[in-house]
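All remarks here apply to the structure that follows.
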Amino acid sequence: MAGSSAEQAADYRSILSISDEAARVQALDQHLSTRSYIQGYSLSQADVDVFRQLSAPPADSRLFHVARWFRHIEALLGGPQGRDEPCRLQASKGRRVQPQWSPPAGTEPCRLRLYNSLTRNKDVFIPQDGKKVTWYCCGPTVYDASHMGHARSYISFDILRRVLRDYFQYDVFYCMNITDIDDKIIRRARQNYLFEQYREQKPPATQLLKDVRDAMKPFSVKLSETTDPDKRQMLERIQNSVKLATEPLEQAVRSSLSGEEVDSKVQVLLEEAKDLLSDWLDSTGGSEVTDNSIFSKLPKFWEEEFHKDMEALNVLPPDVLTRVSEYVPEIVNFVQKIVDNGYGYASNGSVYFDTAKFAASEKHSYGKLVPEAVGDQKALQEGEGDLSISADRLSEKRSPNDFALWKASKPGEPSWPCPWGKGRPGWHIECSAMAGTLLGASMDIHGGGFDLRFPHHDNELAQSEAYFENDCWVRYFLHTGHLTIAGCKMSKSLKNFITIKDALKKHSARQLRLAFLMHSWKDTLDYSSNTMESALQYEKFMNEFFLNVKDILRAPVDITGQFEKWEAEEVELNKNFYGKKTAVHEALCDNIDTRTVMEEMRALVSQCNLYMAARKAERRRPNRALLENIAMYLTHMLKIFGAIEEESPLGFPVGGPGTNLNLESTVMPYLQVLSEFREGVRKIAREKKVLEVLQLSDALRDDILPELGVRFEDHEGLPTVVKLVDRDTLLKEKEGKKRAEEEKRRKKEEAARKKQEQEAAKLAKMKIPPSEMFLSEVNKYSKFDENGLPTHDTEGKELSKGQAKKLKKLFEAQEKLYKEYLQMLQNGSLQ
């Protein structure tokens, strides 16, 4: 970079001050690497002064900048003989040289920052190996249907992954696990198995009623001991449902109803009491379940359902998927090394992590993510699992803060052989062993839900760093925010959740993703009707823009006509376009802030809409190339976010995901012909005043084409705009329009009715002679004068002058109304 002559002189003085010649030449080469000194370079006195300090160009080929510069200066001075002659900086007559060039200052490029739970700050993202990013994500524990809480994490991480890969161009290696060995799975598998066996035995009504009463006893104790209000409310709901189903069956048994009638009530009670009976059956017979296939059947089923849900949500599959059941040998080896390193100990066939020993080490820190939660026994016990917090298990630990690496299996639990006896992995060690096997001693990103920070992720960090004897197993820890349901806490254990399948019955995968994009990935998201309505409106807003641009691009024009002169409006819109692109980039660099990105994109579309509306009002064609560039950019961004399938060239695809046929390019030529034919027919019908043909034309637009997913938009004096829109969307629009028209008609009728009532009331008032208007108010007045004006109140007291004056005004007003009424009678204007 070339600076001013004064700056160059200062640089050269600094170089000349170096006493060692080799170091001086090296410094000169460094300086010259930032400047242009090719033919035509403008010679300065500082160049000459430094040149004269050198006897010859350097022999070292690595100092080629000095060598080229030396020969160039020598040539400008007229060869070797001119090196000691006075320097004439003015070029010889007729010879010109290029002026000195100054590069632009530029701006500091924006760097990606991610909110790192390890620091609770937005840290500059620096992968450990160039552009390669290693990423491990905690997957689901598969014992039930996937719900919107899962969607919150996996859609959010899918968006982050796509942005890192497709926008920032990182090479992302994404790993995810499936937890198919866990206390929840074991308990649920046993309960399902035992309940189905019980149902198949078809217990008589009297036996079922007895069993339900027996099951209710421990359930009632559990209810009385529950302090959490949400959990208590859930248990009370179960209790009430069981009672409501029990009473009809008891009545049926007492009344000796037919077997069919009793059986129907038995089935109702079985369904309502399933949770109650399952817990009771497990407590009495769970230890007798020994077939390992029972414990693998349940997670296999729900894992498959999970993958179907992720595909339906357009969530990319991981590069590697690990299952705990497939990594038991690696987990055993992982635990053994932790013990060998001095951070684990065996106790009664189980192995525990020694948190005190780990925390005392100068190399390690325990509780990196949530240090304030260390010692929280409730959270620690939840992390251990329901089957692992009995008094005998807790007594095996050296400290209550220690957690299980390996659990000795009890009767009724699956088991695998290991050096400490038959058992199964602890929850936290599963992720550590699988991630460590695939990603090694340190990964770039670890992701999971916010509620996994402690104890799960803190324990993962501890045991992994104990294994690798390092302090950097994870560089960036990302946690997605909670999801609430209409402001209420969502919990599978509280049975307060919406499954992904149920959510997809109401809204499309794109609409759900747009809702997530319109919120920060790390903050709480409220899944509610308001949230989804905002997403629907955003989708409609963007889609209308894409449809309008497509219509403009379909207008016939020759090749040269595609490139039109830019007026001030195009220049301004293009300036705004690039400004919004910069704003989008800055937002993505700022912790992948998709909420701001979506608003910037909305603002850009609003500017385009204003531009198109102005052109339409002026009967001028909008600039095709500019609008296409903007629409393609927006499409590109929505593709990156996973809101548009890859095959769509511009805007949202028509026909839904998985449609191989390019519906738009196939049917649009035919629709365009139909539109032009319809316009011609309408024109003739208007001229000939054939109302029936115009009505048929409107019916085609309003009733027939929407059923096929086609919208015709008529604009006075302009060609009909043809748009392909999702059929359901059009039918909803049609229904909404119908409701709006009905509401308008209802309001009009209501206004007419009110007006009629007001006129009737006014007429009724006008009919009253002023002399009679107060006579009926005996609850207010006791005496009246000859004109009917009150003089005394009900107690016989004479009215004050102020009261009398007020009544006099009312009397005179009524007198005027009554005269109008008499005049109307005389004129015959009353119907």
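Cβ coordinates are placed from backbone N, Cα and C, and glycine is handled just like the others.
Look at Swiss-Prot and you will find Cys138, Cys431, His456, Glu460 tagged as Zn(2+) binding site. Cβ contacts within 10 Å of His456 (Zn(2+) binding site), excluding its own Cβ and spanning all protein chains shown: 21.
Within the same chain, the residues at least 6 positions away from Thr179 (L-cysteine binding site) whose Cβ sits under 8 Å from its Cβ are Gly139, Pro140, Thr141, Val142, Ile185, Val324, Trp427, Glu430, listed in sequence order. Residues annotated as L-cysteine binding site in Swiss-Prot, with similarity to another entry given as evidence: Gly139, Thr179, His456.
What Swiss-Prot lists as ATP binding site is Lys492, and the listing cites similarity to another entry.
Broken down by DSSP into helix, strand and coil, the compositional bias 'Basic and acidic residues' (736-762) contains 27 helix, 0 strand, 0 coil. Summarising the annotation, Swiss-Prot assigns compositional bias 'Basic and acidic residues' to 736-762.
Feature annotation from Swiss-Prot assigns N-acetylalanine to Ala2.
Annotation comment: Swiss-Prot describes Ser102 (among others) as phosphoserine, evidence class a large-scale study or a structure entry. Residue density at Ser102 (phosphoserine): 10 other Cβ atoms are found within 10 A of its Cβ, drawing on all protein chains shown.
For Ser388 (phosphoserine), the number of other Cβ atoms no farther than 10 Å from its own Cβ, over all displayed protein chains, is 21. In the three-state DSSP scheme, Ser388 (phosphoserine) is classed as helix. Annotation source Swiss-Prot lists phosphoserine at Ser388 (among others), citing similarity to another entry.
Sequence-distant neighbours of Ser390 (phosphoserine) (same chain, 6+ apart, CB under 8 A from its CB) do not exist here. Summarising the annotation, Swiss-Prot assigns phosphoserine to Ser390 (among others).
Under 8 Å, Cβ to Cβ, and six or more positions away along its own chain, Ser829 (phosphoserine) finds no residue. Secondary structure at Ser829 (phosphoserine), taken from DSSP and collapsed to helix, strand or coil, is coil. Sequence annotations record features per position, and here Swiss-Prot assigns phosphoserine to Ser829 (among others) based on similarity to another entry.
Long-range Cβ contacts of the region 'Disordered' (736-766) within its own chain (Cβ-Cβ under 8 Å, at least 6 residues beyond either end) map to 814, 817-818, 820-821, 830. Here Swiss-Prot flags 736-766 as region 'Disordered'.
If you look up Swiss-Prot, you'll see 140-150 marked as motif ''HIGH' region'. When Cβ-Cβ distances below 8 Å are used as the criterion, the motif ''HIGH' region' (140-150) is approached by residues 178-180, 182, 184-185, 188-189, 298-299, 302-303, 305-306, 309-310, 449, 483, 485, 490, 492, 497-501, 503, 527 of the same chain, each at least six residues removed from its ends.
If you look up Swiss-Prot, you'll see 184-187 marked as motif ''KIIK' region'. Taken together, the residues of the motif ''KIIK' region' (184-187) have an average pLDDT of 95.
The motif ''KMSKS' region' feature in Swiss-Prot is assigned to 489-493.
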Remaining residues near the recorded Zn(2+) site, that is with C-beta within 8 Å of the centroid of the site residues Cys138, Cys431, His456, Glu460: Trp427, His428, Glu430, Ser432, His446, Gly448, Leu452, His457, Asn459
DSSP-assigned states of the motif ''KIIK' region' (184-187) in counts, ordered helix, strand, coil: 4 helix, 0 strand, 0 coil
Per DSSP, three-state class assigned to Glu460 (Zn(2+) binding site): helix
Alpha-carbon spacing, His456 (Zn(2+) binding site) to Ser388 (phosphoserine), which is rounded to whole Å: 15
Helix, strand and coil residues within the motif ''HIGH' region' (140-150) as assigned by DSSP: 3 helix, 2 strand, 6 coil
Inter-residue C-alpha distance, Glu460 (Zn(2+) binding site) and Ser388 (phosphoserine) (nearest angstrom): 18
Other C-beta atoms that fall within 10 angstroms of the C-beta of Gly139 (L-cysteine binding site): 25
Cβ neighbour count within 10 Å of Cys138 (Zn(2+) binding site): 22
Maximum Cα-Cα separation in Å among residues Gly139, Thr179, His456, which the record lists as binding L-cysteine: 13
